[in-house]
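Written below as structure tokens is the structure these notes are about.
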Amino acid sequence: MSLSLWQQCLARLQDELPATEFSMWIRPLQAELSDNTLALYAPNRFVLDWVRDKYLNNINGLLNDFCGADAPQLRFEVGAKPASSLQKGAVSPAAAAIPAAQVQTARVAPTIVRPGWDNVPAPAEPTYRSNVNVKHTFDNFVEGKSNQLARAAARQVADNPGGAYNPLFLYGGTGLGKTHLLHAVGNGIVARKPNAKVVYMHSERFVQDMVKALQNNAIEEFKRYYRSVDALLIDDIQFFANKERSQEEFFHTFNALLEGNQQIILTSDRYPKEINGVEDRLKSRFGWGLTVAIEPPELETRVAILMKKADENDIRLPGEVAFFIAKRLRSNVRELEGALNRVIANANFTGRAITIDFVREALRDLLALQEKLVTIDNIQKTVAEYYKIKVADLLSKRRSRSVARPRQMAMALAKELTNHSLPEIGDAFGGRDHTTVLHACRKIEQLREESHDIKEDFSNLIRTLSS
């Protein structure tokens, strides 16, 4: 029995799993076959537990498919594969089975013979300004389907900085939790290693620091500062657009940090390749580690966010009230929290109980604006324009993929962004049955997990309709 068995499993798993999941959880595994036992080595306990919980049945099923009654037993271990099992010049089984161009982790940083994370001697200078907000942690980040992968990736980076997911690139619309996760990673790293030099900043601060260094003839000090941190967390990297000198300096800083196994985490409001005004060589490097999207929170997550926020403020928020708010405000977490703050303030000022009628009154203008902005008619026009078809096509009986997929997308958006029932949505799409609408919604939900393009389309349309 040879390692080709694991390579066969990898090939099948790559076909069956979304690219991000495969890159994040399966690709880091190393395998060793011995005495009819397949040992899988995970880089840390977090990955081991996740793989065993989520993918154990998939892997066992593949082993049975390939080997039948002779299928090896499966064993999980934390750490690197024993040196005795490594053949000189051999590549990782995962790397051999997976063409780099097929996954989002298009390049894994090589192991550099340099001081690693745990033994870099601390420089005598300069003094580091962390700017990490201690209030933003993993514990108070509300997890849901829309952000589950992003949170898991961030947690793993906090536990193993400078490891497989370097850089980590988080992208999504405004107010979805990207900044919270940046701070949570910073806090997690410092909790693990109190003396770690972790620096968080907005990309504009990097530009300002560089300009100031040039003005003061202190560019070498600038380079030494940014290239000797243990973790650099930069928010809204899209603001580097058209700033050529800043991009040039960040390019060299990025390379220096990566070669030193120092962690880089970046956020943006869009996918790396879609950032205009940024050099291709930088955009390429942004995708070298792991790229994960954060989508607008689904209804259940929005309710959970409201309940947690109310609990943090010692406010009793009835479940039906949280549901009422969450059903009507859908674009992002910041909008939800702002609405709840207004409700709480009004309740404190008036001494009234928080009920649905009270919330309807307190948020009257916000709710009216939301209902005015997002209608089925508006969704149909926006989707038709996005896919370059006619609204009449969405209402027609045509079943070609070029029309059917946009129609399904529009139906799913109508369910997500309006209060209309399934029969009402069906009527608005040429008198279709509610079961057709339900099928469309489920199909788009499935495709969002399997296809990066569909996930991007959905997020872009949500952002357009909610802005």
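Every residue, even glycine, has its Cβ placed from backbone N, Cα and C.
Note that the coordinates shown come from a computational prediction; the quantities given were computed from them, not determined experimentally.
Feature annotations, courtesy of Swiss-Prot:
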type	residues	note
REGION	1-85	region 'Domain I, interacts with DnaA modulators'
REGION	85-130	region 'Domain II'
REGION	131-347	region 'Domain III, AAA+ region'
BINDING	GLY175, GLY177, LYS178, THR179	ATP binding site
REGION	348-467	region 'Domain IV, binds dsDNA'
Across all protein chains shown, the binding-site residues GLY177, LYS178, THR179 give the max Cβ-within-10 Å count at GLY177
For GLY175 (ATP binding site), the number of neighbouring Cβ atoms whose distance to its own Cβ is within 10 Å equals 18
Apart from the site residues GLY175, GLY177, LYS178, THR179, the 8 Å Cβ neighbourhood of the ATP centroid comprises GLY172, THR174, LEU176, HIS180, LEU181, THR267, ILE294, ASN332, VAL333, ARG334
Taking DSSP H, G, I as helix and E, B as strand, the region 'Domain IV, binds dsDNA' (348-467) contains 93 helix, 0 strand, 27 coil
On the region 'Domain IV, binds dsDNA' (348-467), the mean of the pLDDT values is 88
